[in-house]
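Annotated features, as they stand in TrEMBL:
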DOMAIN    527-650  domain 'STAS'
REGION    1-31  region 'Disordered'
TRANSMEM  147-164  transmembrane segment
TRANSMEM  176-197  transmembrane segment
TRANSMEM  209-227  transmembrane segment
TRANSMEM  257-278  transmembrane segment
TRANSMEM  285-306  transmembrane segment
TRANSMEM  343-365  transmembrane segment
TRANSMEM  377-397  transmembrane segment
TRANSMEM  417-435  transmembrane segment
TRANSMEM  442-464  transmembrane segment
TRANSMEM  476-499  transmembrane segment
Amino acid sequence: MSSMGGSADENLETKEMDARSVSSSHGQEPYVHKVGIPPRQNLFKEFQATVKETFFADDPLRSFKDQTKSRKLILGIEAIFPILSWGRNYSLTKFRGDLIAGLTIASLCIPQDIGYAKLANLDPQYGLYSSFVPPLIYAVMGSSRDIAIGPVAVVSLLLGTLLQSEVDPVTNVVDYQRLAFTATFFAGITQAVLGILRLGFLIDFLSHAAIVGFMGGAAITIALQQLKGFLGIVKFTKKTDVISVMHSVLSSAHHGWNWQTIVIGASFLAFLMFAKYIGKKNPKFFWVPAIAPLISVILSTIFVYLTRADKHGVAIVKHIEKGLNPSSVKQIYFTGNYLGKGFRIGIVAGMIALTEATAIGRTFASMKDYQLDGNKEMVALGAMNVVGSMTSCYVATGSFSRSAVNFMAGCETAGSNIVMSIVVFLTLQFLTPLFKYTPNAILAAIIISAVINLVDYKAAILIWKIDKFDFVACMGAFFGVVFASVEIGLLIAVSISFAKILLQVTRPRTAILGKIPRTTVYRNILQYPEATRVPGVLIIRVDSAIYFSNSNYVKERILRWLMDEEERVKGDYQTRIQFLIVEMSPVTDIDTSGIHALEELFRSLQKRDVQLVLANPGPIVIDKLHTSNFAAFLGEDKIFLTVAEAVAYCSPKLAEDP
């Protein structure tokens with residue numbers, strides 16, 4: 001075959017161009033379809049469409065179409081306060097479901113809140129405060145029917161660890177509490193801003209695998225932290241890594257452990273695990289594991305009070321402040337050194353809280369088959385934490401264990417959160433003195449039983465089977481949290497998630513295609529071993545958009561495929577490669593670097609006496625190829641609708657033999 005500039009080629013090109021315009025009535029030449037060029041869009045409309053797809057992909061204003069101004073106003077208010085929408089159709093039947101669910105989750109949240117506040121190095125009442133105001137705000141502004149709001153283990157640990165690295169919670173209690181409220185305020189601002197600016201997609205950068213690893217590592221860390229209360233150890237490390245914790249536990253084994261505390265903790269942990277087993281075995285008994293923590297608290301408190309075990313070294317809660325949330329507006333740092341620290345901690349805690357709440361909300365929304373607006377949820381969660389920070393609360397979010405119980409108990413609306421808030425309000429007003437003799441060991445047992453399910457080993461095994469790189473992200477986050485700290489684990493999780501994105505963008509997959517026997521279909525020869533190569537033609541598919549980040553790699557990888565193929569055909573004494581077809585169906589976009597790479601590829605192939613042919617470029621790609629004049633540079637007769645037509649151009653005999 002002569003070079004692209006040869007006269008034989010020119011004749012062939014003319015012949016093919018004629019074939020494009022006229023369908024042969026004699027059947028000598030197959031009709032060649034021209035690749036369509038989309039009509040040029042107005043620049044403003046194109047920009048508008050891009051912005052809409054990026055920030056308004058869910059078309060949030062659909063319900064406002066063709067409505068009167070007054071109706072639009074009502075819909076706008078209902079969008080901000082969904083309670084006005086579902087409240088109109090609220091019935092006694094729905095209230096009964098919400099009442100039962102609210103009472104059930106309240107019985108679970110009260111003992112958990114006291115324990116989670118300790119994880120955050122705060123006094124027990126702050127956990128209860130965070131289950132009073134935030135759920136009320138969420139019930140008014142949130143759109144999930146099933147999510148149960150309050151403090152959660154992972155965020156409590158994260159907040160406690162980050163705050164502790166800035167202020168000592170023992171020697172500087174006031175500054176620590178003020179920094180906690182400041183971090184909560186900025187966590188809420190972060191969440192609300194992400195929702196208002198419709199940047200919810202940012203939390204998707206933390207992959208599922210990284211979240212599984214991070215949550216599992218955090219659960220192990222939380223459980224190990226509970227050994228202090230579970231074993232009755234007085235002097236305990238402030239570090240969270242497994243080596244420091246185990247060293248602290250073992251070094252105090254001879255003189256620091258309290259056997260009475262261990263007996264109480266172990267007995268009730270066994271009871272809690274048995275209750276969980278009953279609930280898992282028979283879903284009808286979902287309420288058993290839900291009320292088990294409260295029963296444990298009541299029984300253990302009575303036991304300690306009657307036996308005065310606190311006189312024998314059993315650590316107790318002692319004092320929980322009575323009354324409603326005091327205002328903390330004046331305690332938030334808006335100036336000074338702690339402002340920046342609170343802002344930084346708030347962003348991290350807010351993002352993790354958001355990730356957890358979004359995952360929970362989506363899970364239960366799909367179970368009940370209703371739509372959840374992620375951005376609206378972020379605004380609701382943000383508003384709830386901003387108000388919470390001003391009423392002595394720390395970061396609250398959706399709790400998976402409580403939301404699952406809420407769902408199983410038959411909640412109908414966010415009204416179950418209001419019921420829970422009322423129960424917490426009554427507890428704060430009248431019942432807090434009753435928790436004075438509650439042993440710390442029982443709180444440790446409740447937290448251990450709550451977080452143990454966060455270690456999702458089945459998900460980790462599935463991740464290993466599906467994607468090894470995802471498994472690396474999962475294990476990186478897990479070991480980072482367990483052996484270093486929560487921050488390091490989080491950093492590893494984010495870093496590996498970004499690394500995966502960068503790897504996929506910069507190193508896209510390419511494949512050699514062959515013809516499936518008795519068809520005109522061309523597929524990956526590794527996936528379909530029966531697919532046959534076309535003599536003298538190399539067909540390569542690029543499975544990604546071609547951008548500045550990968551254009552050079554794509555060009556070099558195609559040339560490497562060509563060299564490998566040339567060596568193979570030379571060894572087998574086959575027809576040398578004369579045409580290289582690039583199948584561009586998966587190439588969704590191309591930039592100037594990508595077009596430049598195609599020009600370089602064209603020149604490299606010219607020197608090797610190989611013709612470049614393109615098959616099925618998409619609308620955006622073909623438009624840019626024409627705008628850049630690459631289509632004219634290559635020759636418009638070398639751009640085809642399908643691989644089969646491109647092969648027919650390169651090898652007419654093959655086209656006749658399906």
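Keep in mind that glycine also has a Cβ here, set from the backbone N, Cα and C atoms.
Just so you know, TrEMBL annotations never went through curation; they're auto-generated.
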Non-local residues, at least 6 beyond the ends, that sit with Cβ under 8 Å of the transmembrane segment (176-197): 55, 120-122, 126, 159, 162-163, 166-169, 203, 328, 331-333, 338-339, 341-343, 345-347, 349-351, 353-354, 374-390, 392-395
Long-range environment of the transmembrane segment (417-435) - Cβ separation under 8 angstroms, sequence gap at least 6: 98-99, 101-103, 105-107, 109-110, 113-114, 124-125, 128-129, 131-133, 135-136, 138-139, 142, 148-150, 297, 301, 317, 320-325
Per-state residue totals over the domain 'STAS' (527-650) - DSSP helix, strand, coil: 62 helix, 21 strand, 41 coil
Cβ contacts the transmembrane segment (476-499)/the transmembrane segment (377-397), at least three under 8 Å, sequence gap 6 or more: no
Best-contacting stretch, by C-beta pairs under 8 Å, relative to the transmembrane segment (209-227) and drawn from 147-164, 257-278, 442-464: 442-464
Long-range neighbours of the transmembrane segment (442-464), counting only residues six or more past its ends (CB under 8 A): 111-112, 114-116, 118-119, 153-154, 208-209, 212-213, 215-216, 218-220, 222-223, 226-230, 264-266, 268-269, 272-273, 276, 293, 296-297, 300-301, 317, 400-401, 470-471, 474-475
Averaged pLDDT, computed only over the residues in the domain 'STAS' (527-650): 94
Contacting positions for the transmembrane segment (257-278) when only residues 6+ beyond its ends and CB under 8 Å are counted: 229-233, 285, 288-289, 292-293, 296, 299-300, 303-304, 309, 312-315, 439-442, 444-446, 448-449
